[in-house]
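Worksheet for the structure shown next.
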Amino acid sequence: MTHSHFSPLKTSLENTNLLQKLASNKHPLLQTSITMFHVYLFLLSLSLCFLPHIVFSSHCTTETSTKTFQKCMNLPTQQASIAWTLHPHSSTLELIFFGTFISPSGWVGFGINPTSPQMTGTNALISFPDPNTGQIVLLPFILDTTVKLQKSPLLSQPFDNINLLSSSAAMYGGKMATIHNGAPIQIYAKLKLESNKTKIHLVWNRGLYVQGYSPTIHPTTSIDLSSIATFDVLSGSSSSSSQHTDLTMLRVIHGVLNAISWGILLPTGAITARYLRHFQTLGPSWFYAHAGIQMFGFILGTVGFGIGIQLGKMTPGVEYGLHRKLGIAVFCLGALQTLALLFRPNTTNKFRKYWKSYHHFVGYSCVVLGFVNVFQGFEVIGASRSYAKLSYCLGLSTLIGVSIALEVNSWVIFCRKSKEEKMRKEGLIGTSSDKGSSGIHI
């Protein structure tokens, strides 16, 4: 009996029953694909879990070629560290900062904010190659509100709220060392502290270019914008370490979940629906696999999206811009696709063709934007050249290769069937009955 009306409740119950068949399906090709897919997801998760080493990969030292300091501490970003010696009787602090260049024409600097843990108001020492001689120079700068706005070049000027006694900068290897991407540098400063004040707000960063003797703005990834720490030079404790560790782990979990869900599972589900339904031996298995993969991917993506929202609340001063907008768009499209499953009309319903057009358009839009946002996420966390990104690219290349092979196979089958149909109409070959159908259409 044919129903011309549309019943959302009945359709929803029917689709729920279909999804329940996923667990009992035992087709060999489907089971092999699922096993291989589980292995890849494990390898991808394992590689993405190495992301914390992007942040925590430096080892602090108390010794240099000229001095030995009392204490040292790893800084939470940019593979930087510091070492220091406090002289309580004279209220002086000897401090050395260990950083690395990210460009042959770049700069590296650190400073102290006398009032609060932020860039604005920081008295900074910035080192870069002299544009005339190429030798390392070290100049003092005061980072006021105009620095963020970039209204005018940053000009060197003496410190106003920090009593700087002496300072110097040196490359590892001395005068024979060359400046390149990853070149290490040491910046030394001797300061006069206020009486009974041992807690300082440290700010550090690095940039790509210097215009004359004016450093340009540093990169604005979340890692670079988080280069701030408050610590006590007497006890060596840092109030920023535990919070940054929590942020780092949340970023890793957020990245792993979203790369697997939006970047791998949803495209795999789309490939399953587009190509496997043409294999008649699979029967309705392709539909169960498609629905199950997409549902599982959306659940993981929802968790990752929620963690991303929480990360935004925990870092109010960090602007994620495009990554955040794309994330919201992808999640909304994924939610619309999930709701579409509950209101899927049967094959004889007159609204079926409109539902299919909607389903395909929203689905492919979600997949494309998901790809883009995964790569945007790697840029945000400063992992654009990491093994995690390489692993994801290899997986994505595999999906693309499989899609191309299946697309070619689909066209070969289509052309062959068209030729057979033409010959059948011309009476060159006999007619044959259908050998079966997939049973479920989408």
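Each residue, glycine too, has its Cβ placed from N, Cα and C.
Among the features that TrEMBL reports, heme b binding site is placed at His254, His290, His323, His359.
Per DSSP, the secondary structure of the domain 'DOMON' (78-207) breaks down as 8 helix, 66 strand, 56 coil. Annotation comment: TrEMBL describes 78-207 as domain 'DOMON'.
Per TrEMBL, domain 'Cytochrome b561' is recorded for 214-415.
The transmembrane segment feature in TrEMBL is assigned to 37-56 (among others).
Annotation source TrEMBL lists transmembrane segment at 252-273 (among others).
What TrEMBL lists as transmembrane segment is 285-307 (among others).
Residues or ranges marked as transmembrane segment by TrEMBL: 357-375 (among others). A Cβ distance under 8 Å defines the sequence-distant neighbours of the transmembrane segment (357-375), meaning residues of its chain 6+ beyond its ends; these are 258-259, 262-263, 266-267, 270, 323, 326-327, 329-330, 333-334, 336-337, 340, 389, 392, 396, 442.
The annotation transmembrane segment is assigned in TrEMBL to 395-415 (among others).
Long-range contacts of the transmembrane segment (252-273) within the same chain, counting only residues at least 6 positions beyond its ends with a Cβ under 8 Å from a Cβ of the stretch, are 37, 40-41, 44-45, 48-49, 51-52, 286-287, 289-290, 293-294, 296-301, 303-305, 307-308, 311, 327, 330, 334, 363-364, 366-367, 370-371, 373-374, 377-378, 381, 383, 388, 392, 395-396, 399, 402-403, 406, 442.
Listed in sequence order, the residues of the same chain lying 6 or more apart from His323 (heme b binding site) and placing their CB within less than 8 Å of its CB are Asn373, Gln376, Gly377, Glu379, Val380. Neighbour density at the Cβ, taken as the number of other Cβ atoms within 10 Å, is lowest among the binding-site residues His254, His290, His359 for His359.
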